[in-house]
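Worksheet: the structure to be examined is printed underneath.
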Amino acid sequence: MLVLGIDTSCDDTSLALLQDGKTLLSNVVSSQVDLHRVFGGVVPEIASRKHVELIDGLYRETLKEGGIPESSVDGIGVTAGPGLIGSVLVGLCFAKGLALSLGKPLIAVNHIEAHAMSIFLEREVEFPFIALVVSGGHTIMLLIQGFGRYRVLGSTRDDAAGEAFDKIAKYLGIGYPGGKVIEDLSAKGQGDYVTFPRPMADEKNYDFSFSGLKTSMINYIKKYGVTEDNLSNIMASFQEAAFDVLVSKTTRAALDHGIPRIVVGGGVASNGRLRQVFTERCKKGGMEALFSSPEFCTDNGAMIARVAYQYYSEGATSSLNVAGYSRMKIR
Ligand code: KG4
Ligand code: ZN
């Protein structure tokens, strides 16, 4: 079964062809980072206009790379939300047009669910497991009992983890997007240079908050200043505080629920230091930490195709009337 996956939820136009849920024939991601860099963040209007320009050409490229004619596509998976609504609608309308013209089913996919399940592109994972999705738009912890069987344990009450990285990088004018810039700077710094607060770390719930951490870092810089010499130390200290909270609360949830497996997905999960801290702490607690390859952590069409494949093989396809959503609950 050959499934096309389309994601245009934010600023990447991504399409992929997945055979039988495991063999990736092609995976095309066109990043708009260069367009948005000058603004220090994604400009929704520009993002959706660019998706409109790019999507058909990238679709042809995806077919060419996969070496298959479009008539071989059996189903079309597409992000229906959550995301920037203008961007979501471009991919969704394109997918509906394809479904109509090819006479093939449409499978609407939740973008957060796809981040949580992207690991299945590369390996099987025993259920149940705890999933943490950390991206630019979301920070959410789930208890997953199977495809379509999700319980939200907690989420951020303000900024998403990646959003905090991006906002700090913007404030300091050190580059865009902030996550990778801060990871690279932190690699040269000392994580214990400043002890930033660990917001909500000791609370009994599984929610997060990153806005206060961001503010305390900005206040620190206002008070003590930042030099070329201590920038990497301050970044490393911020990164350490953010990751400490993510890892402590997620490992605690796994222990509380007696589940020895944690899957981490979303753009921030491509961070080498986060992967290291999770792996070390899980090992200490007798648990396993699992990650997708970095290319499947950031936005991609392959993860959408994987979830769509699952639902299609279970006979759950979507109506062509399905709507796009900027916010969308996970089932
Ligand atoms: O999953 P994603 O590609 O898009 C959303 O669904 O949001 O995640 C993008 C986010 C951005 O906030 C970006 O700064 C962050 O992931 N990110 C990272 C790294 N690479 C991307 N954050 C920390 N370290 C990284 N290496
Ligand atoms: Zn994403």
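Even glycines carry a Cβ here, placed using N, Cα and C.
Quantities reported herein were computed from a predicted structural model and do not represent experimental measurements.
Per TrEMBL, domain 'Gcp-like' is recorded for 24-305.
The annotation Fe cation binding site is assigned in TrEMBL to His111, His115, Asp299. Of all the Cβ atoms in the protein chains shown, 29 others lie within 10 Å of the Cβ of His111 (Fe cation binding site).
Marked as substrate binding site by TrEMBL: Val133, Val134, Ser135, Gly136, Gly137, Asp166, Gly179, Glu183, Asn271. Using a 10 Å radius centred on the Cβ of Gly137 (substrate binding site) and all shown protein chains, the other Cβ atoms total 22. According to DSSP, Gly137 (substrate binding site) is assigned to coil rather than to any helix or strand.
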Of Val133, Ser135, Gly179, Asn271, the binding-site residues listed, which put a C-beta under 6 Å from ligand 2? Please answer none if none do.
Ser135
Taking the binding-site residues Val133, Ser135, Gly137, Gly179, Asn271, which residues show a Cβ-atom distance to ligand 1 below 6 Å?
Ser135, Gly137, Gly179, Asn271
Within 10 Å of the Cβ of Gly179 (substrate binding site), how many other Cβ atoms are there?
25
Filter the binding-site residues Val133, Ser135, Gly137 down to those whose C-alpha lies within 10 angstroms of the C-alpha of His115 (Fe cation binding site); answer none if the list is empty.
Val133, Ser135
